[in-house]
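The structure appears right after this line, and notes come after that.
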Amino acid sequence: MESGLAGNGTGAGLVMKVKQEKPERLLQTLAPQAMLVEKDKENIFQQHRGLPPRQTMGRPRALGGQEESGSPRWAPPTEQDAGLAGRAPGSASGPLSPSLSSGEGHFVCLDCGKRFSWWSSLKIHQRTHTGEKPYLCGKCGKSFSQKPNLARHQRHHTGERPFCCPECARRFSQKQHLLKHQKTHSRPATHSCPECERCFRHQVGLRIHQRAHARDRQGSRAGLHELIQDAAARRACRLQPGPPRGRPEWAWLGLCQGWWGQPGARAAVSGPEGPGEPRQFICNECGKSFTWWSSLNIHQRIHTGERPYACPECGRRFSQKPNLTRHLRNHTGERPHPCPHCGRGFRQKQHLLKHLRTHLPGAQAAPCPSCGKSCRSRAALRAHQRAHAVAEPAVPAGEPGDQPQAEAIPGLAARPRSSQRSPGARDTLWGRGQAGLAGPGEPRQFICNECGKSFSWWSALTIHQRIHTGERPYPCPECGRRFSQKPNLTRHRRNHTGERPYLCPACGRGFSQKQHLLKHQRVHRAAPACSPKEEAR
């Protein structure tokens, strides 16, 4: 209930929120009834009737003190009450009087007992107990309990940086970040480089500067003691001669104790692998070395099989976050890499670089030496020549010297041939027995040791060898059935999901596999041929 009491006291006015069952007794306690106008009384009684009789949780207490049960507690008149009673009716409401503002706040939170001088401050504070967050961000949907917090959050989306450093003109989105940054200008540069005597305010800046010296030292090989010191500097520790903090050398370098005790282990890490910075983080599984501990940590996921980054759409997991970012573009359809020539977008940068080769001079004109057809790229030309190879009959095997010469693709360098191979091995390598399977411009140099089948790509040979080994690395998450190739798993999962991506343009019927659609389309092609016979009958 709101009560407006006006007077000509020291303050301009006072607005109080009071919970009271009997407003008559409250008016007798706070001020004489003769000093109140009838309109103020009607407002008090009307607002009081709208409140439940026992609603006390989350409401402030009265000025004179009131129990949570709702019954008023009598208090003797004070100087503040006398000042309130002496005010003239109709005075404008304003801030608290000096006697109230200088003292303890009179708006009390019934949940934690904290006091406030303003009703608006109490209302904002009560949101911490109720969990109310009425201010919603229109970009990401995050909600806030206070409007200034929403304004600070929206700067992350807009990129606004309204707080500028007067020393270096660097800008910040929040004032506390600016105040923290300004301390760096008043702080003396106490960290000096022992090689060039350059001073830095932070030890982090000194460590980054010292890495530049390490890269400049051409051909220098650091000893074990220098390697340990460099590792200590990376961990922001100052190291005296000897093992750091009493820890053994192998533990400080992140190595295995068993491997460290082997002969030649110290010599393996005693110096850098190249002219740059030494690599002191070594994988215990394969022996590969890294300059950063984070790189070693990511590399070890290859051996442990850890995939901490999961796709929220399909559940597929990845060992590195950039791989997950690239995968998410398959769901969102984002293509952030556009071609500057034709405007075509690509999800990955490597796909864009491969596409840019088609815009190079002469790349658009790749004629086929057999039929003269122009292909857009050399890869398209090789695929086109395979069609010619399948259409042509197989060349019978003749004398060892009658090897047919393959026509060269324009602009494509010939593959080197080893002079140590025997004629029989060379015939097998170049696919003499399977001339109809290999294109005339691209020999098949990857041969299966089990059945002798040849392939043009190493990946195709790897997939083929799963037939002999029985390996099925792609399991179905629904029924557990395993497959040797991922496309087979994709087709199988359509049986669980009911997806039918191949639609017949004639009748609109859907199919889960493309060959089923092609078989179905024969029905529509054969229907007109049967109609004359039916009419003759």
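One-based numbering along the chain as shown.
Each residue, glycine too, has its Cβ placed from N, Cα and C.
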Record (Swiss-Prot) lists SUMO2 cross-link for one of LYS354, LYS373, LYS519, LYS533, namely LYS533
When Swiss-Prot is consulted, the range among 337-359, 406-428 described as zinc finger turns out to be 337-359
Among 38-60, 107-129, Swiss-Prot marks as zinc finger the stretch 107-129
In the same chain, residues at least 6 away from the ends of the zinc finger (502-524) whose Cβ sits under 8 Å of its Cβ atoms read 491, 494-495
Per the Cβ filter (under 8 Å) with a sequence gap of at least 6 from its ends, the zinc finger (309-331) is approached by 298, 301-302, 347-348, 477
Contact set of the zinc finger (474-496) with the rest of its chain, CB cutoff 8 A exclusive, min separation 6+ beyond the ends, reads 315, 463, 466-467, 512-513
